[in-house]
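Per Swiss-Prot, these features apply:
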- 12: active site (ACT_SITE)
- 72: active site (ACT_SITE)
- 144: active site (ACT_SITE)
- 12, 144: Mg(2+) 1 binding site (BINDING)
- 72: Mg(2+) 2 binding site (BINDING)
């Protein structure tokens, strides 16, 4: 059963910049709560960069108390080392909400684009424009935060339709 107000954390995984966006769903109304980026030092040791992402994302969850989380699935890069590092950042994006007992959903980039813009191959500018239309009070300054809000919007749209949500992978039981 969905809480009266469902607060959703969207995450755009990245090793240097992990975007996050929070929306609230009340009935059919979707409202902007907050957004931002958790940064890690691009020159630091990998373990410390991952720790920075973990601490930053945990702080977002503590501050905004979302009920559920959703993450953009990452694509495979041509550079195996970059792919591995991004995968480790993605692991942080998955485990931090799970440690807070949030259910975590994952969505492909094309599904996010299609849900937000109607076009699964939309450009970043089109996604940003639709996020601003759907969440007029949003002030996401970075592309990473905009992408995270698009993830949260996608989860909210699919959350309204439980049959569609069941066809997507939900990880964890949540609160």
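Using N, Cα and C of the backbone, Cβ positions are placed for all residues, glycine too.
What you see is a predicted model, and the numbers here were worked out from it, not measured in a lab.
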Rounded distance in angstrom between the Cα atoms of residue 144 (active site) and residue 12 (active site): 6
Secondary structure at residue 144 (active site), reduced by DSSP to three states: helix
Those active-site residues listed as 12, 72, 144, and which of them has the most Cβ atoms within 10 Å of its own Cβ: 12
Where residue 12 (active site) sits in the secondary structure, as DSSP reduces it to three classes: strand
Distance, residue 72 (active site) to residue 12 (active site) (CA atoms, angstrom): 6
